[in-house]
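According to Swiss-Prot, the transmembrane segment annotation covers 70-93, 156-179, 195-219, 291-309, 346-369, 385-411, 433-455, 531-549, 589-610, 664-686, 724-744. Feature annotation from Swiss-Prot assigns [4Fe-4S] cluster binding site to C573, C582. Sequence annotations record features per position, and here Swiss-Prot assigns chlorophyll a' binding site to H675. The chlorophyll a binding site feature in Swiss-Prot is assigned to M683, Y691; the stated evidence is sequence analysis. According to Swiss-Prot, the phylloquinone binding site annotation covers W692, on the basis of sequence analysis.
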Amino acid sequence: MIIRSPESEVKIMVDRDPIKTSFEEWARPGHFSRTIAKGPDTTTWIWNLHADAHDFDSHTSDLEEISRKVFSAHFGQLSIIFLWLSGMYFHGARFSNYEAWLSDPTHIGPSAQVVWPIVGQEILNGDVGGGFRGIQITSGFFQLWRASGITNELQLYCTAIGALVFAALMLFAGWFHYHKAAPKLAWFQDVESMLNHHLAGLLGLGSLSWAGHQVHVSLPINQFLDAGVDPKEIPLPHEFILNRDLLAQLYPSFAEGATPFFTLNWSKYADFLSFRGGLDPVTGGLWLTDIAHHHLAIAILFLVAGHMYKTNWGIGHSLKDILEAHKGPFTGQGHKGLYEILTTSWHAQLSLNLAMLGSSTIVVAHHMYSMPPYPYLAIDYGTQLSLFTHHMWIGGFLIVGAAAHAAIFMVRDYDPTTRYNDLLDRVLRHRDAIISHLNWACIFLGFHSFGLYIHNDTMSALGRPQDMFSDTAIQLQPIFAQWVQNTHALAPSATAPGATASTSLTWGGGDLVAVGGKVALLPIPLGTADFLVHHIHAFTIHVTVLILLKGVLFARSSRLIPDKANLGFRFPCDGPGRGGTCQVSAWDHVFLGLFWMYNAISVVIFHFSWKMQSDVWGSISDQGVVTHITGGNFAQSSITINGWLRDFLWAQASQVIQSYGSSLSAYGLFFLGAHFVWAFSLMFLFSGRGYWQELIESIVWAHNKLKVAPATQPRALSIVQGRAVGVTHYLLGGIATTWAFFLARIIAVG
């Protein structure tokens, strides 16, 4: 008799045709809410429609349905991303000087937009070199395209069309996985399977295929371009892929095929998988052979990581077990219950992801200039400044979003009855200690960092430079930062003997790299001025964290309002009967946190912009003499508030203020208009709802007199809506003002 083990049944993880596709539903605004679907009585309706359209929690309490909506929306998001990418590549193919730039990247600026000659705006088409007139772009796409081996505009066209096809495919997938084959809740909660697929598939195979592309296509094409070969003479990508002898002429180890791999003689491949460090002196970018090696290594790591978790085969880690075993001597139940939180609250999940993604986006901002990855990126100062600023803002917004969704989790998804003595419960129980200590740290940092500047302003005003904190008087050197720099500069001879240079020239020790008479990168000196502004960074970051963390930890209750959880995520005040309870909702903490995030990031990008112009960016003469854009004035000028106002804001705003009548005049108009948008926000932030309602009643009376009153009653914005509109215009106006100021300046002088 043969005893067979029972066959494990394959679980069916999708529902077929769960929701029929209906254009009638689609055409009925607010179909997701009984109240909104009735149509507008007052103008508040349109605001509620926008506020709740994507708040899937408010449509239904069924977690499976919510999960499906989020999943479907992700495909819509991907579709928009592909559409945007397609547009970028199409502009490169149709309206750009990419081929001209490729032939002479040091003298020709990148442009992919030509303004039509209407109302005289053709003045905006400046001469970017090589006889091409257009708007100079600072997105870094040209440098990225060169690094990936794109040599002509036809290839850009094909990629643009491919991206459109993918956009359509994503739209279809979003519809299909909601209406035709919708995953069950168990599928969304199968974290081990998800980890395996995301790690091995997205990150592992993704990195591996990119490494493959770099080795077989990017490296040989860039080798030819660096040698000055005309792009039209370079073999096409498929010729390198199909013809190994062609690659072997450039990288001899290709002739040996896979033999060195299987005989473990891996060092043979060092000609195209290198470990050099530093920058390529021809392009001022990281060595592309280093980058290929990096992606191959990352691929191996993630392919291994993608096989660690227990799925159908019964071997590997179980995430629930890992979390529940995570206990220390002082942490009570540790992470017990965290698995349940993260598989039933997508807000908690999203909060963690936003915090990590935001942090890594800020890390990207800092690496883009210190280790410029693409050819000729380092000498395109406008692009350098834009990429840093962009990634800093994005990172700031994502981190505030992390706090927002953590607070929504606390209000909507946290169940205090089932949580006892786990880490989250312990944090909540000593939240007063956390917040009061953090508050003390903020006060300390604020008074001391600002106090150092005020001292300097006072001494400067009284004509006592010898009593100022500066590199030439009372020194406050950032000794820890200098030690970190020094350690990394010495790494190639000590901790990384295989490397020929340190990871970044900014650490020091190395020589400068100049390309086409412009500085790509050099060791960045840190002194008293940096010590001062770094403490302003510490101050603004801690205040942002204080506001956001207070919002999360007190989202459900506080001494002032013990029943806050019942009032929800956003509410203006605790009813008319209790004074002094406004701006206590979790939503209000996000609102207030956004302003401090704006403060924090502004100081960072101002510091970066001035420091780079003063100590890094500039031209180099044939004799090797470096002339920086602002002549190294950062160390002595930025140590007073007056110096920041006079030598940074005012002195460097001259380009945008004087841009009228030149090809930069659009930035002058934006500078003006964005100031206006910013000022407009104050109207919403400083005035109350009653003021506007009173005005509206008067205007409605006039309409009634003339018999032109609308059927929908006008209503003043609610308090929360007014704050939302206010902070949006504040941030939008502030960011656009900064953008115009930075770009007009750097395009003019860079």
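If you go along the chain as it appears here, the first residue is 1 and each next one adds 1.
Using N, Cα and C of the backbone, Cβ positions are placed for all residues, glycine too.
Mapped onto this structure are the features recorded in Swiss-Prot.
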residue	record	contacts (Cβ under 8 Å, 6+ apart)
C573	[4Fe-4S] cluster binding site	T581, C582, Q583, V584, I719
H675	chlorophyll a' binding site	G733, T737
M683	chlorophyll a binding site	G726
Y691	chlorophyll a binding site	none
W692	phylloquinone binding site	A716, L717
Cβ-Cβ neighbours of C582 ([4Fe-4S] cluster binding site) (radius 10 Å): 13
Listed stretch, out of 385-411, 664-686, 724-744, that has the most CB pairs under 8 angstroms to the transmembrane segment (346-369): 385-411
Winner by Cβ pairs under 8 Å against the transmembrane segment (385-411), considering only 531-549, 589-610, 724-744: 589-610
Leading stretch by Cβ pairs under 8 Å, where the reference is the transmembrane segment (156-179) and the options are 70-93, 589-610, 724-744: 70-93
Residue numbers, six or more beyond the limits of the transmembrane segment (70-93), whose CB comes under 8 Å of its CB atoms: 54, 56, 112-113, 139, 141-142, 145, 153-154, 156-157, 159-161, 163-164, 166-168, 170-171, 173-175, 177-178, 183, 188, 346
Three-state secondary structure, C582 ([4Fe-4S] cluster binding site) (per DSSP): coil
Tertiary contacts of the transmembrane segment (724-744), as residues 6+ beyond its ends and Cβ separation under 8 Å: 138, 382, 385-386, 389, 393, 591, 594-595, 598, 602, 605, 609, 652-653, 655-656, 659, 664, 667-668, 670-671, 673-685, 717
Distant-in-sequence neighbours of the transmembrane segment (589-610), which means Cβ under 8 A and at least six residues beyond its ends: 369, 385, 388-389, 392-393, 396-397, 399-400, 403-404, 407, 533, 536-537, 540-541, 543-544, 547-548, 550-552, 583, 630, 634, 638, 644, 648, 652, 723-724, 727, 730-731, 734, 738, 742, 746
Where C573 ([4Fe-4S] cluster binding site) sits in the secondary structure, as DSSP reduces it to three classes: coil
DSSP three-state assignment for Y691 (chlorophyll a binding site): helix
